[in-house]
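K.L.:
Pulled these features from Swiss-Prot for this protein:
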DOMAIN    246-300  domain 'TSP type-1 1'
LIPID     C403  S-palmitoyl cysteine
REGION    689-838  region 'UPA domain'
REGION    707-725  region 'Interaction with DCC'
SIGNAL    1-26  signal peptide
TRANSMEM  378-398  transmembrane segment
Amino acid sequence: MRARSGARGALLLALLLCWDPTPSLAGIDSGGQALPDSFPSAPAEQLPHFLLEPEDAYIVKNKPVELHCRAFPATQIYFKCNGEWVSQKGHVTQESLDEATGLRIREVQIEVSRQQVEELFGLEDYWCQCVAWSSSGTTKSRRAYIRIAYLRKNFDQEPLAKEVPLDHEVLLQCRPPEGVPVAEVEWLKNEDVIDPAQDTNFLLTIDHNLIIRQARLSDTANYTCVAKNIVAKRRSTTATVIVYVNGGWSSWAEWSPCSNRCGRGWQKRTRTCTNPAPLNGGAFCEGQACQKTACTTVCPVDGAWTEWSKWSACSTECAHWRSRECMAPPPQNGGRDCSGTLLDSKNCTDGLCVLNQRTLNDPKSRPLEPSGDVALYAGLVVAVFVVLAVLMAVGVIVYRRNCRDFDTDITDSSAALTGGFHPVNFKTARPSNPQLLHPSAPPDLTASAGIYRGPVYALQDSADKIPMTNSPLLDPLPSLKIKVYDSSTIGSGAGLADGADLLGVLPPGTYPGDFSRDTHFLHLRSASLGSQHLLGLPRDPSSSVSGTFGCLGGRLTIPGTGVSLLVPNGAIPQGKFYDLYLRINKTESTLPLSEGSQTVLSPSVTCGPTGLLLCRPVVLTVPHCAEVIAGDWIFQLKTQAHQGHWEEVVTLDEETLNTPCYCQLEAKSCHILLDQLGTYVFTGESYSRSAVKRLQLAIFAPALCTSLEYSLRVYCLEDTPAALKEVLELERTLGGYLVEEPKTLLFKDSYHNLRLSLHDIPHAHWRSKLLAKYQEIPFYHVWNGSQKALHCTFTLERHSLASTEFTCKVCVRQVEGEGQIFQLHTTLAETPAGSLDALCSAPGNAATTQLGPYAFKIPLSIRQKICNSLDAPNSRGNDWRLLAQKLSMDRYLNYFATKASPTGVILDLWEARQQDDGDLNSLASALEEMGKSEMLVAMTTDGDC
């Protein structure tokens with residue numbers, strides 16, 4: 001057996017040494033299309049391993065390209081191009097031995113000419129591939145594609161010359177000519193290459209546009225777009241950018257002196273157009289450089305003496321006197337005083353008494369007699385005594401007044417501690433005096449939240465009253481915030497914790513005289529003073545939601561409010577987790593103060609915590625109540641700073657590259673792309689008084705009525721889901737129910753009030769306590785949008801408890817505007833007490849948190865394919881810009897152009913818009929219109945999986 005096997009081995013070795021593969025290779029030379037799959041070899045060898053594979057190449061002009069391939073161990077290596085074997089004559093083969101392993105390394109090289117590539121027909125590019133043989137089998141290399149390189153001469157779009165004002169944004173567009181490979185683009189400024197890394201005022205977008213963020217005078221230059229690849233270099237036409245400066249007036253100089261020193265004249269002042277001076281063709285200052293005005297200088301009047309008086313009787317000194325005054329006229333307006341003496345004297349005894357003539361200004365005049373000094377001192381003493389008496393009287397009065405105020409404070413404090421505090425939902429008994437049934441001070445129609453000060457009702461304010469009823473139009477609402485003040489805490493600013501519904505948890509049936517209830521309020525007040533640090537935490541589950549997110553992203557949603565926060569995939573850095581929260585701020589202090597025709601259009605929403613590092617924008621969705629008509633509104637997004645004041649973030653249609661966010665405005669909501677979390681609110685300002693905002697009218701009645709009185713509360717709210725949900729929760733605590741489905745009212749910026757009235761009341765069984773025919777809410781209280789739960793109350797009285805049917809019409813309309821009519825029909829005994837509970841606890845009404853891929857409609861694989869296909873600029877414009885246009889997101893494309901993946905940001909915005917329905921039909925339709933059929937196939941395939 002051993003001899004037989006040895007003979008077989010010797011025979012096999014002889015055959016291997018004698019075998020020649022030349023016939024097969026000759027078949028290749030003669031046009032054969034196939035090589036044997038394997039050659040006889042020793043079974044110990046391994047499969048060939050490629051050390052060098054052919055790479056993609058471009059044929060420049062007519063120069064052929066060389067393809068190299070190296071493998072070991074390999075007995076043969078051949079190229080196969082477009083499915084056909086390359087002739088053996090076209091191969092250049094080199095062999096060497098690996099010193100470490102002793103294996104044979106074979107390297108093969110071929111050339112591919114331009115003619116070979118041009119002769120190829122079909123849609124696929126010309127390709128070549130290496131096939132290496134060894135005794136163990138064959139190995140194929142990667143495919144290398146060979147293309148003919150070119151670069152067309154004409155640009156698809158060239159930059160245009162522009163003249164722009166100083167500090168404005170400049171956009172220079174450039175679409176390079178078509179070429180293979182795709183041309184690289186650079187910009188020249190006066191023949192110097194622009195490097196955005198060195199000058200951050202320049203920005204090169206992903207579609208090769210040049211943006212100057214804020215034009216400077218030094219940016220006045222010639223700009224050229226340069227496209228180049230391995231074939232050629234093309235230059236666009238030069239675009240000249242001129243940055244001009246419009247002239248500005250300097251401050252007015254001082255008025256010149258009046259032209260006339262006396263009487264009417266003129267004076268002028270001047271200014272110059274040098275702040276700044278116009279440059280580079282900028283406009284000259286508008287207005288006058290000189291102003292003139294009339295002036296009147298009062299003329300000076302010199303004083304003049306009156307006539308001398310008659311001589312006085314002769315004195316004991318043998319002299320008599322006469323006087324005169326400087327009053328004819330007196331000196332005025334800087335005139336000169338009279339010159340001369342005021343008194344004159346002379347001897348009156350015809351020489352019997354020899355006395356020299358004396359005058360008032362004679363230095364030898366006689367001194368005052370001692371009797372004059374005594375009178376002077378006596379007067380001073382009397383004056384001192386009078387002053388002391390006055391001071392003592394004032395001191396006594398002040399002392400008595402302080403004592404009286406102190407007694408009052410003690411009385412007020414004791415009253416607050418022993419039952420002086422009346423809860424808001426307690427109604428005092430009406431006095432027997434019939435005159436008191438008609439108070440002179442009418443109720444406040446517009447108060448929506450009160451501050452309780454001692455025993456006075458919060459909603460019984462005296463401001464903005466309308467005399468039309470004898471009962472409060474606004475019943476006190478127990479769930480409103482209440483601040484308790486006494487003589488020791490007034491002015492301290494401390495109150496109950498924000499958002500705490502204190503009265504909603506009190507035991508029913510208690511009254512102001514109940515000491516336990518007063519003690520309960522005092523306890524809550526003291527507890528709130530020590531818990532101020534808890535005010536910022538999102539505690540109300542109906543208006544807040546939180547979750548922990550990683551790099552996969554997710555979504556926070558407060559159902560029933562239209563408020564959500566989308567955290568895209570990749571927004572949070574890899575390996576980090578953020579605890580995010582979303583909250584609707586319910587207090588009026590969290591809303592900005594409206595000025596002029598400004599109004600709050602959305603709820604104030606906080607997403608946090610602030611200061612987190614985000615790798616891509618998140619999308620905050622808030623509802624709004626504006627009737628969006630082009631040209632009627634000036635929309636703004638505002639944020640609340642750390643100091644509490646509100647700052648403007650962006651004005652829509654006035655965005656620049658420095659704008660930190662983007663707003664996508666829909667008919668009833670606004671989607672905001674944010675780089676920073678914080679507190680935001682959407683506001684609007686009426687443009688030329690033509691804006692219209694939507695109101696939501698809702699009528700509530702008590703679910704249980706055991707008295708003769710019956711009240712209807714008509715709420716006038718912003719037409720947002722969040723506003724209605726807040727009122728539903730409020731009415732549930734009051735024991736009310738929604739009488740009829742809410743209706744929408746268009747409220748115009750016309751300064752006209754909102755009028756509410758009742759009609760068709762069955763007077764045989766009911767009577768209205770409203771003295772006037774209607775009630776009105778002032779226009780500004782409705783328009784500013786910063787007052788919560790704005791409503792009016794209609795109080796009715798039935799003649800007997802047997803009357804359980806009530807019908808009427810409620811008309812709500814704006815004076816000289818639109819209106820709505822409610823037809824009410826209710827049965828007091830059969831009122832569905834649980835209607836509000838059903839609304840407030842409807843399915844999906846709990847806050848939701850979606851994490852990871854489940855929060856998104858587009859699978860991640862499809863999203864990546866769409867981004868890879870559309871992010872790169874296309875000369876035909878069939879890229880992300882067209883997608884933004886198809887999805888109506890092209891209001892400000894420069895925002896997306898500055899992002900690393902514009903398509904990804906657009907898809908994030910699409911995800912936020914599709915929160916409710918969420919099908920892919922709209923996106924699929926847009927891709928189909930763009931001609932991206934391969935994306936539709938991917939969406940169908942991956943979507944089914």
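Here the Cβ of each residue, glycine as well, is placed from N, Cα and C on the backbone.
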K.L.:
Which residues, given as numbers and ranges, are at least 6 beyond the ends of the region 'Interaction with DCC' (707-725) yet have a Cβ under 8 Å from it?
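P.N.:
Those are 475, 542-543, 558, 560-563, 584, 600-603, 623-625, 668, 693-701, 731, 736, 739, 742, 744-745, 754, 756, 758, 766, 777, 782, 785, 789-801, 806, 810, 812, 824, 828, 840, in sequence order.
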K.L.:
Restricting to the same chain and to residues at least six past its boundaries, which positions have a Cβ under 8 Å from a Cβ of the transmembrane segment (378-398)?
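P.N.:
Distant contacts of the transmembrane segment (378-398): none.
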K.L.:
Using DSSP, how many residues in the domain 'TSP type-1 1' (246-300) fall into helix, strand and coil?
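P.N.:
Split by secondary structure, the domain 'TSP type-1 1' (246-300) comes out as 0 helix, 17 strand, 38 coil.
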K.L.:
Summarise the model's confidence over the region 'Interaction with DCC' (707-725) as a mean pLDDT value.
P.N.:
93
